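Participant: Sharing the record's features from TrEMBL:
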type	residues	note
TRANSMEM	51-76	transmembrane segment
DOMAIN	69-320	domain 'G-protein coupled receptors family 1 profile'
TRANSMEM	88-110	transmembrane segment
TRANSMEM	130-148	transmembrane segment
TRANSMEM	169-191	transmembrane segment
TRANSMEM	224-253	transmembrane segment
TRANSMEM	265-288	transmembrane segment
TRANSMEM	300-322	transmembrane segment
Amino acid sequence: KNYDTIFSGSLYTVCFSDTKSTHRTTPAMYNLSSDNTGDFTLLGIPGLERYHVWISLPFCFIYLMAVVGNSILLYLIAVEHSLHAPMFFFLSMLAMTDLILSTTCVPKTLTIFWLGPQKISFPGCLTQLFFLHCSFVLDSAILLAMAFDRYAAICSPLRYTTILTPRTIIKIAVGISFRSFCIILPVVFLLTRLPFCRTRIIPHTYCEHIGVARLACADISINIWYGFCVPIMTVISDVILIAVSYSLILCAVFRLPSRDARHKALGTCGSHVCVILMFYTPAFFSILAHRFGYNVSRTFHILFANLYVVIPPALNPVVYGVKTKQIRDKVIVLFSMK
């Protein structure tokens, strides 16, 4: 019996097989054709093929919403001098990463929904899964940087400008981007070393690490351990540090003498907390569902995975537009008749 565990946030699929697993390598396997020049075939959402066209309609709308919302956010932050602050710099990084995350998967997914199963080259598959996983890890790191920004603004307001100087902000941005790149790059090399001598059909709408590795006719133990432990532990460490930051923020807020001051301080964190919940809650729900929900169908898991890469990028600009006064005011001016 095989137990499949998929981490839908970064979509790391972990497969535990018995001793008769076909992933064990034998000399005969390597005598088969195992070049990596062939194409893979993406099937879509198994079990819902007849509904692909109908499913594509909300997916297309939500994707357009994500592109338009994040583009407007990036435009406002770029042209409005009043938004040239550390918080909005990190927000612009989040918007760009969300655009990469959704654009990496959704256009190909829509093509499958409209035209049926689609082929993707091995280099194209590697490129897609690299940007998919790298965007997820980078999103988590950006949320951590934004939590640090809120901590500095509320717990050390008089030293805020000296703590988050432009040079420090650039160092943080380069550091978290380099960390994400270094964590996901080995995944590409772990896949290129594998021989693919059996089926190249992927029952999904896009390529993801272990989903592709499972098609290999070799031992994928290293892929399983690296693909699950390293990125997941990185994200969990980000969650712990975010929790510590907001614990310190709450302690500082409740020490404020004025109720208005407390409401104002909490209001500056409201949009960030909403985005954190939208990002991490579905991810950890998916972990628990895949770990304990053995009766949940693969169709639900794949559909949920597709929703995860499109809904948070679409809702993040809405949350910041509604709950952040500076952005809300600029959006109203942008779309006003004046």
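A Cβ is built for glycine as well, from the same backbone N, Cα and C atoms used for every other residue.
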Participant: By a Cβ-Cβ criterion of under 8 Å, what residues six or more beyond either terminus of the transmembrane segment (265-288) are in contact with it?
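Facilitator: Here the qualifying positions are 5-10, 94, 139-140, 143, 146-147, 150, 153-154, 235, 239, 242, 246, 249, 252-253, 256, 301, 304-305, 308, 311-312, 315-316, 319-320, 322-324.
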Participant: Most CB pairs under 8 Å with the transmembrane segment (300-322): which of 51-76, 88-110, 130-148, 169-191, 224-253?
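Facilitator: The stretch with the most contacts is 51-76.
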